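Quick look at what Swiss-Prot annotates:
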BINDING   D291, D295  Mg(2+) 2 binding site
BINDING   D291, D295  Mg(2+) 1 binding site
MOTIF     291-295  motif 'DDXXD motif'
BINDING   D435, T439, E443  Mg(2+) 3 binding site
Amino acid sequence: MEARRSGNFESSIWDDDYIQSLTSSYTGKMYVDKSEKLKIEVKMMMDEATDELEQLELINDLQRLGISYHFKDGIAKMLNNIYKSDSKYMEKDLHLTALKFRLLRQHGYRVPQDVFSSFMDDEGNFEAWVVEDVSVLVSLYEASHISVEGESILDMAKDFSSHHLTEMVEQIGEACLAEQVKRTLELPLHWRVGRLEARWFVQAYETRPNSNPTLVELAKLDFNMVQAKYQDELKRCSRWYEETGLPEKMSFARHRLAECFLWSLGFIPDPHHGYSREIMTKIAVLITITDDIYDIYGALEELQEFTEAFERWDINSLDLLPEYMQICFLAIFNSANELGYQILRDQGLNIIPNLKRSWAELSRAYYLEARWFHNGFVPTTDQYLNTAWISISGPLLLSYGYLTTTNPINNKELKSLEKHPSIIRWPSMVLRLADDLGTSSEEIKRGDVSKSIQCYMNETGCCEGDARHHVKSLIEVALKRMNDEILMEKPFKSFDTNAMNLARISLCFYQYGDGFGKPHSDTIKNLVSLIVLPFHMP
């Protein structure tokens, strides 16, 4: 009998007793009424903002404060008017140009990179005066990250602004500005998780000399009210998890319910999508356990039977599996059928075949990687990535994300998503590569298939540092291709934001290592800030 391997995973600090103890006082009609009153005041502010720069900065603040979802129609109208207006980009106002460029592109307007040409000299370099204002450099740097492939001006803008901000950062006297520059250089705004950015930015914005107290009050109140909603969702997920018995039956696996909820929150943050967040949390838990079965615990012969069970999608053949696999498969089978029933009941559409195909595809990718490991085979980088962007579960997560946030579900869109278009492939690739950067060293020590870093080292003979640099360059390409997606007209335009968010939460979790499998202080801090601690309000 082949010895079972162990991942020696750390226990989660987020047990059910602690989760059920979470409370919030920010519920009830009093807070709803106060919020509605503040929203009316903000709408008046939007109506009164007539200057283009004033409008753009207000939109930017609303987005970063985490309250722009209340004003989607007003923001869309404002940006459309700005885009259609005859006003030219002010030739010597780089802050305005960069902010306008970034916001319009984020909202799907294909603004050309040439708008930055007027800030470049005859030799094609940015003019020397640009480096005199740190805030302007930050605006340029942020704008440069919403580029697509082949945009040399934006590539130059990123290199130029990054170089000078890195040189300046330690000499910046203003503490708030210095912190902003450090955060920007760590991860640009375009790729940050919105709710985490809001938590930080509310406090940063409040210290500004020109901050608006109405915006501060609404942002804090809204954050606290949404946090109360998140707490209720997490409690329900935790009760479900305990009732499944999975924590006891799957003691060899990572048990990361709270982290899975944080993942779902970053992926689908809008408060009105609570149902989707709960489904996504459950699916992320089941994916994690299944991954550990394939990567760590399962014998190769068992894994073949497990994969065939997903292909058959038939509970009558469960007896062919060992008990731990039966429990895992049945949990997945039941959860898929429950979602399928709800969508059939509410929308008259049978999505069970779609879910079956997605789980079978994931299991095949897991099994191929397990065979590679057991046979001591190191694939080429391309071979690895052709499977690994699926085995990271991105396509499955995005499929569930579409199904749980779309009503009515469009059959044409569903069939298109099954073919894994770019809006599925590139967020999944970012998730895979970010995961590899954060986890590969530990996973190789534990015993796992070679990741992109090891595959590239084996293929080229380079050192680990060079391989990591190469993987980062692949992430950059994937991010640019995702940017291109939001500027394209296609059938499932509304799906773009969730797809982009999958990449954002991936970068967040693996920014400082394995923030999921081996939760570190940043993951704990993020959970506490979003789920546990409200803003203090008088």
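Keep in mind that glycine also has a Cβ here, set from the backbone N, Cα and C atoms.
Positions of Swiss-Prot features highlighted on the structure.
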residue : record                : contacts (Cβ under 8 Å, 6+ apart)
D291    : Mg(2+) 2 binding site : Y366, S393
D435    : Mg(2+) 3 binding site : I392, S506, Y510
T439    : Mg(2+) 3 binding site : K451, Y510, G513, D514, G517
*asked:* Looking only at the motif 'DDXXD motif' (291-295), how are its residues distributed among DSSP helix, strand and coil?
replied: 5 helix, 0 strand, 0 coil
*For D295 (Mg(2+) 2 binding site), what is the tally of other C-beta atoms lying within 10 angstroms of its C-beta?*
22
